[in-house]
Amino acid sequence: MSKAPAVKKRSAWKKFYESYKAYLYLAPAILVMLVFVLYPLVKVFRMGFYTKYNYLTEVGKGFGLKAFEHVLGDPSFQLALKNTLIIFGVGLPISLIIALVIAVLINSKVKFKGVFQTVYFLPYVTSIIAIGIVFRWLFHSEYGYINYFLSLFGIPALKWLSDPKLAIWAVTIFYIWSGLAFKIVLFLAGLQKIDEQYYQAARIDGASKLRTFFHVTLPLLSPTLWMVIMVSVIYAFKLYNEIFSLFSGQAGPANSAITVVYYIYDMFYNRNQVHYASAAAIILFIIITVVTMIQNQVSKRFIHYN
């Protein structure tokens with residue numbers, strides 16, 4: 001009877017010691033996150049509620065929601081939000097469909113599968129600035145390949161990079177292409193994990209390839225599909241590099257291709273309006289959080305993990 005408490009005490013101490021060791025090993029990573037993630041996040045929230053803020057002296061004046069009112073009423077921010085939603089609502093679905101189709105084709109019994117996987121992955125490891133230079137050439141109004149292709153159907157040359165109405169669509173096309181490699185690789189990894197027995201059972205039941213795809217492949221691929229969607233949604237809302245490289249550091253003609261992240265960058269570095277940039281960053285954070293929460297609720301109903 002007297003030994004039981006001692007055993008319990010030793011077990012509790014051992015459990016604490018093991019937990020302590022785990023946190024000790026994690027300490028460097030936790031420290032990095034605190035310094036480079038949590039601290040800037042807290043600082044942004046603090047700066048966003050000042051009416052005026054000097055970044056050099058770190059002195060703020062006033063406190064309230066005036067910065068948020070200014071940002072939400074700013075036509076540039078409204079255009080940035082509209083452009084971001086266009087990329088999110090149009091570019092993301094098209095990019096997902098194209099990537100999934102290519103991944104399914106590569107995963108089928110084709111020759112040189114490894115070569116195709118390497119070729120499609122190369123854009124992901126290529127500098128976005130270099131790709132932007134190539135796309136500036138492709139979108140050129142006089143000798144670009146895209147206008148040449150459109151001319152085959154009798155469509156006149158379009159000024160993709162100089163027409164304010166077309167600039168955001170050039171960015172959307174660039175976004176679709178630049179994100180394909182990452183999505184294709186993840187879809188391929190998900191497809192290769194699907195057990196062949198499911199396809200054999202479908203063939204025995206006489207299911208067509210299209211029916212097999214929608215009733216076997218897609219449900220079993222849903223966890224991977226959902227993960228790709230989650231990452232792509234966040235990336236779409238944070239789009240900046242494509243615009244910077246496509247328009248040589250500008251946000252398109254007359255800022256017509258500006259996005260929320262570019263607006264934040266412009267307010268912070270070019271205009272030195274730190275409190276407005278922080279308020280815009282907080283608004284973007286709230287939007288991404290709400291979208292993520294909606295996605296999580298949808299995933300509970302449509303995602304099959306078994």
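Each Cβ is built from the backbone N, Cα and C atoms, and glycine gets one as well.
Features reported for this protein in TrEMBL:
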| type | residues | note |
| --- | --- | --- |
| TRANSMEM | 20-42 | transmembrane segment |
| DOMAIN | 81-295 | domain 'ABC transmembrane type-1' |
| TRANSMEM | 85-106 | transmembrane segment |
| TRANSMEM | 118-139 | transmembrane segment |
| TRANSMEM | 166-191 | transmembrane segment |
| TRANSMEM | 212-237 | transmembrane segment |
| TRANSMEM | 243-264 | transmembrane segment |
| TRANSMEM | 276-294 | transmembrane segment |
The transmembrane segment (85-106) touching the transmembrane segment (276-294) per 3+ Cβ pairs under 8 Å rule: no
Highest-contact recorded stretch vs the transmembrane segment (118-139), from 20-42, 85-106, 166-191, 212-237, 243-264, CB pairs under 8 Å: 166-191
Paired segments the transmembrane segment (243-264) and the transmembrane segment (20-42) in contact, 3+ CB pairs under 8 A: no
Other parts of the chain folded back onto the transmembrane segment (85-106), taken as Cβ under 8 Å at six or more residues beyond its ends: 113, 116-117, 120, 168, 171-173, 175-176, 179-180, 183-184, 187-188, 191, 213, 217, 225, 228-229, 232-233, 236-237, 239, 259
